[in-house]
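According to Swiss-Prot, the protein has these features:
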BINDING   GLY104, LYS105, GLY106, GLY107, ARG351, ASP365  ATP binding site
BINDING   SER134, GLU208  Mg(2+) 1 binding site
BINDING   HIS236  Mg(2+) 2 binding site
Amino acid sequence: MHHVLRPIAFRLALVSPLRSLTITHHHLFFTKRTMASSARTYNDAIDALNSLQTPFAVIEARRKAGIRPDAHSVKEMRAYLARIGYSSQDLDRLNIVHVAGTKGKGGTCAFVDSILTRHQRTHGIPRRIGLFTSPHLIAVRERIRIDSKPISEELFARYFFEVWDRLETSQLAKDEVELGSKPIYARYLTLMSYHVYLSEGVDVAIYETGIGGEYDATNVVDRPVVSGISTLGIDHVFVLGDTVDKIAWHKAGIMKTGSPAFTIEQVPSATQVLKDRAVEKGVDLKILDVDPRLNGVKIRPDAVFQKKNATLAIALAETALKKLDPSFKPGTDSLSPEFVQGLEQVVWRGRCEVKEEDQAVWHLDGAHTVDSLKVAGRWFVEECVKKAKGGPKVLIFNQQGRSEAVDFLDGLCNTVKSADPEGTGFSHVIFCTNVTYATTGYKKDFVNHQYNPKDIENMTQQRVFAERWSTLDPSANVMLIPTIEEAINKARSLVDTTEGEQKVQALITGSLHLVGGALGILEKADAL
């Protein structure tokens, strides 16, 4: 069904009339009985966690008032840490590998985790490996991993409520934060991760920052084993600033006196800021070229950006192992088998991931910046050329709540067109919300109170995307579809079954929340 939407003057297919989506913002209330019950479940924990999300109205008011995270944010985290029974000195036992960056920080952390896991299997060191990342793809508990596996629902619930109860009853640091209060969603999970890892005997923990570094919730660690900064670019402009050098200042905040730090080649202005901050902090910062020992190592995807991530990961893993394993000696001319296996066999869901089925080949990448979307576009075309299955090229895209995201589309559209041997780009472009299912809405782990529910119901952001794409490529069939499930089903229906081996070639990108929802639908279960 085709409708012309006014005042937008372009052809736009509207699939499944825009019914009213029920986006429930249920800030949950927990009775004394419920919260004290010994049978508190994973679902109870997720409900309680969701109640800690900052509502859209509060976020918008802060934005208009120009209120940004500052040094007080870290001071509050230290107060909450004290309330659950720990000090920053206790975190030294975790031998933290701390990673910040705009692009590739999650992938770098995954590489480090994979390398350390292979070393552990061969040498028995480290004893237990923690990995803390964000956001989650499918289930909240995947943010807190031990030995490469998300902690179980039972462990998550147990440790979640141990932290909750301590925060309810502790009388410590009453001048810093209100008694009985809890940190907001992401900070709570960071706080909980420290409790999990210290309780479970983890002896090395890899921490990915959330936003920035200097004022990030993870920046309560005073003595990381090593710090790493991946590729820098423009992201989270309101919080971090609108230039790469401003953003570099924030990211450099994770560097600590007495701990080595590494980064990779950056744009000159960012490099200078990192160097200046290293001098200010008395940190030995090394800037790495792509590691020559990667020659012959099968990095996926085989691209410069991924080799940079691998280079940084090698330096971080080697530094950690020098402290943890007295017998460890880094290879000078080549990497050890454990390092090669760790790099080649890493699993990092939702990044350059391909899933194939009868009707479609799904290419999923959680790219969400201008540069990373260009990389995702090139990778998609390369994969399509390799498979040579023909079929329509379909884009499923969303980036919710960021007005600047519309400008990301230009680079993606132009990159795919120029890389495509046929020069045609996407024949169909679908813009959807992050609502997962057509009938039941969100899975609990995906509930997000931080966006304007009216904007989601009216598909306000998606209409802006559609208008821009129709200007960029008037030949594309542009569609608005309310949910991820319906977007996937629509893409499947676009294959021409009379053309034999043809399959839809679909790229799902723009947001890890979108990619996570898509993986859950495609696999019909938790994709953990």
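Placed from the backbone N, Cα and C atoms, the Cβ positions cover glycine too.
Note that this is a predicted model, so its numbers are computed, not measured.
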Test of understanding: give the count of other CB atoms lying within 10 angstroms of the CB of LYS105 (ATP binding site).
22
Starting from the Cβ centroid of GLY104, LYS105, GLY106, GLY107, ARG351, ASP365, the recorded ATP site, name every other residue in that chain with its Cβ within 8 Å, sequence order please.
LYS103, THR108, ALA110, ASN309, TRP348, GLY366
How big is the gap, in Å, between the Cα of GLY104 (ATP binding site) and that of GLU208 (Mg(2+) 1 binding site), rounded to a whole number?
10
Cβ-Cβ neighbours of GLY104 (ATP binding site) (radius 10 Å):
26
Rounded to a whole number, how many Å is the Cα of ASP365 (ATP binding site) away from the Cα of SER134 (Mg(2+) 1 binding site)?
15
Under 8 Å Cβ-Cβ from GLY106 (ATP binding site), six or more apart in the same chain: what's there?
THR133, GLU208, TRP348, ARG351
Can you count the other CB atoms that lie within 10 A of the CB of GLY107 (ATP binding site)?
25
To the nearest whole angstrom, what is the C-alpha distance linking LYS105 (ATP binding site) and SER134 (Mg(2+) 1 binding site)?
10
Other CB atoms, at most 10 A from the CB of SER134 (Mg(2+) 1 binding site):
20
Near the Cβ of ARG351 (ATP binding site), how many other Cβ atoms are there if near means within 10 Å?
24
In whole Å, how far does the CA atom of SER134 (Mg(2+) 1 binding site) lie from that of GLY107 (ATP binding site)?
11
By the DSSP assignment reduced to helix, strand and coil, which category contains LYS105 (ATP binding site)?
helix
Tell me whether ARG351 (ATP binding site) sits in a helix, a strand or coil according to DSSP.
coil
